[in-house]
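Engineer: Residues or ranges marked as domain 'Response regulatory' by TrEMBL: B:25-152. The 4-aspartylphosphate feature in TrEMBL is assigned to B:Asp85. Look at TrEMBL and you will find B:161-214 tagged as region 'Disordered'. Among the features that TrEMBL reports, compositional bias 'Low complexity' is placed at B:176-186.
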Amino acid sequence: MDTLVAQLQRQFRDYTISLYHQGFLDDQFTELKKLQDECSPDFVAEVVSLFFEDCEKLIGNMARALDQTGNVDFNLVGSSVHQLKGSSSSVGAKRVKGLCVTFKECCDSQNFEGCVRCLQQVDIEYKSLKAKLQDLFSLEQQIVQAGGRIPQVDI
Amino acid sequence: MAVGEVMRMEIPAGGDLSVTSPELHVLAVDDSIVDRKVIERLLRISSCKVTTVESGTRALQYLGLDGNTNASDLKDLKVNLIVTDYSMPGLTGYDLLKKIKESSAFREIPVVIMSSENILTRIEQCLKEGAEDFLLKPVKLADVKRIKQLIMRNEAEECKTLSHSNKRKLGEDTDTSSPSSSSSSSSHDDSSSVNDFPSSKRMKSESEQFSSFL
């Protein structure tokens with residue numbers, strides 16, 4: 001009979017694997033996990049939290065720049081996209097990073113409609129990842145509260 | 001080592017040079033708060049002391065190279081390594097590299113450049129200007145460990161050189177040439193092991209060429 005801990009651990013393992021397989025996360029996220037230990041038990045959560053704040057700030061900048069109808073500074077948008085691409089790459093946010101690549105191309109070709117579309121997609125994508133990671137961290141907490149250890153998941 | 005002494009190592013009287021590593025103090029420069037957090041952790045977990053700053057200008061201020069700091073403040077800093085992002089607003093990592101290499105007080109400090117873009121001309125430009133290495137982002141633990149080994153080995157060789165010229169203890173052929181040439185020879189040695197590291201982004205043949213300029 002499955003204990004609660006075993007059930008939670010299985011859920012955690014399956015969920016983690018699905019996030020990688022569906023392309024939400026890549027191996028840089030795995031690299032971040034390596035940096036977490038008893039001394040820094042919340043490292044990953046702290047970094048992703050900074051990342052999501054960064055997303056909000058940069059997306060706000062991009063939206064403002066795109067809002068200057070007839071006078072859009074595509075360099076400014078592009079520069080924010082570049083920063084977002086960098087930070088998404090650093091945390092392993094694979095889909096967000098991929099969208100930034102497309103977004104940058106739209107900026108470089110001054111494609112306004114393309115930029116607006118990309119902005120919407122990037123906004124949706126980071127929020128979706130944020131929700132998923134919150135679920136993942138919540139599972140971790142439940143495992144620990146039930147007295148179990150968070151399993152190492154090999155992708 | 002007088003001006004520009006970047007690392008004090010205890011060399012026991014017995015001449016044993018297997019020093020229990022003193023902590024490297026690394027100055028990490030990056031305009032991205034996410035990347036600063038990550039690089040700081042990568043370095044701390046690799047047993048380095050870390051100071052992070054958000055711009056090239058801040059880095060120069062910290063080092064006292066902005067002309068505002070009293071010379072007497074400099075000797076407490078002891079930065080052993082500078083790791084900097086390339087693309088930053090204002091002073092780029094390349095600009096920062098140049099300023100450091102132009103400074104008599106700090107030119108011996110190894111500088112490593114990080115970039116999210118794998119542009120050969122950029123890499124060559126940085127190595128030519130005296131960068132110790134070039135890391136492609138996202139930076140991984142293996143990259144940091146490799147850099148640390150490289151720096152520690154350079155520092156140990158430098159101390160060994162000084163120790164040999166001071167003590168004439170070992171019978172082997174000692175290289176008593178200047179520290180800069182001994183560090184370039186260890187870079188040469190290292191580039192052959194670079195291929196063992198999949199995460200290494202150093203362009204081997206080009207870097208060997210430019211290492212001889214260092």
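Every residue, even glycine, has its Cβ placed from backbone N, Cα and C.
Nobody curates TrEMBL annotations by hand; they come from automatic prediction.
A quick note: this is a predicted structure, and the numbers were derived from the prediction, not measured.
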Engineer: What is the total of other Cβ atoms whose distance to the Cβ of B:Asp85 (4-aspartylphosphate) is within 10 Å?
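Structural biologist: The answer is 27 other Cβ atoms.
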Engineer: Determine how many residues of the domain 'Response regulatory' (B:25-152) DSSP places in helix, in strand and in coil.
Structural biologist: 58 helix, 24 strand, 46 coil
Engineer: Mean pLDDT across the domain 'Response regulatory' (B:25-152), rounded to an integer, is what?
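Structural biologist: Averaged over the domain 'Response regulatory' (B:25-152), the predicted model reaches a pLDDT of 92.
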